[in-house]
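Here's the structure, in structure tokens; my notes come after.
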């Protein structure tokens, strides 16, 4: 049931005229890091939300969650076993409150091995294209064993190395086998696939999809592979790079993946992952028209960078309440 609350002058703030006092309000309790609050709860989102009858309320961690609210929706992105326990208990005692998203489902995409296995198991292929994942291998310890393990797994250089647990967006590109020993496990090694230096960030909010084009690592030629050696570290490739949406690119590289293919992929992953707020990093293999790879999945990504995100998100929140 949508909570009955009265707007106060403080709640609407900024000189906005409050809606009628009898207006039903969708109350969204949020538990986010201060960094996430700043990037996500921007003034334009809060203003639009208030106009639509949505009120964001910070969850007080010094009090019991059950003693706060009542909430229609709990929106969160915090980590830790204690927080997961609190949320699971809350979901049990408040089955009518929508928790975005279930803690156990979020845990699944914190591990880069398990997150991409879901895509691999899909084996999605239709007339619009084929979606897979790069060949990859997990190294949990002993960096000296990496070269032999890579050979046994049949991985080809160069290799992208990422932390096994998705708490960091840092990645490295290794050009030769000897350099692989410099890497620090636990990590995932993925074959680097030339993709024209462009990736597609596919933002998913419930059933809504928004695609943003970003610059990525440049292609590596066979000549460069023979000439270069060592490990090159990149702190955060797609976020550090400027948007590629307005760049003058080869149309074959710039063209977005087909919408029907993305809709099918998003629908399948929503169901299999049990998530409604996530994004996919997708690349198209250079020289092909329809061969796509998912290289990363992120829960509750940086929606604040997505054009018109406030309209997409508020419509989604309202749809959750209407569907109850």
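Just so it is clear, glycine is given a Cβ too, placed from its N, Cα and C backbone atoms.
Feature annotation from TrEMBL assigns domain 'Inositol-tetrakisphosphate 1-kinase N-terminal' to 27-106.
According to TrEMBL, the 1D-myo-inositol 1,3,4-trisphosphate binding site annotation covers 36, 77, 169, 201, 298, 302.
Annotated ATP binding site per TrEMBL: 112, 162, 190-201, 216, in sequence order. Long-range Cβ contacts of residue 196 (ATP binding site) within its own chain (separation 6+, distance under 8 Å): 219, 249, 250, 252, 253, 284, 286.
Model confidence over the domain 'Inositol 1,3,4-trisphosphate 5/6-kinase ATP-grasp' (126-318) stands at 90, taken as the mean pLDDT rounded to a whole number. TrEMBL lists 126-318 with the feature domain 'Inositol 1,3,4-trisphosphate 5/6-kinase ATP-grasp'.
TrEMBL lists 281, 296 with the feature Mg(2+) 1 binding site. In the structure as shown, the Cβ atom of residue 281 (Mg(2+) 1 binding site) sits within 10 Å of 19 other Cβ atoms.
The Cβ neighbour count for residue 296 (Mg(2+) 1 binding site), using a 10 Å radius and every protein chain shown, is 22. Feature annotation from TrEMBL assigns Mg(2+) 2 binding site to 296, 298.
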- Rounded Cα-Cα span from residue 112 (ATP binding site) to residue 201 (1D-myo-inositol 1,3,4-trisphosphate binding site), Å: 17
- Among 36, 77, 169, 201, 298, 302, the annotated 1D-myo-inositol 1,3,4-trisphosphate contacts, find the widest CA pair distance and round it to a whole Å. 20
- Task: Can you tell me which binding-site residues out of 36, 169, 302 are within 10 A of residue 200 (ATP binding site) by Cα, answering none if there aren't any?
- Result: none
- Message: Please report the distance from the Cα of residue 36 (1D-myo-inositol 1,3,4-trisphosphate binding site) to the Cα of residue 190 (ATP binding site), rounded to the nearest angstrom.
- Response: 29
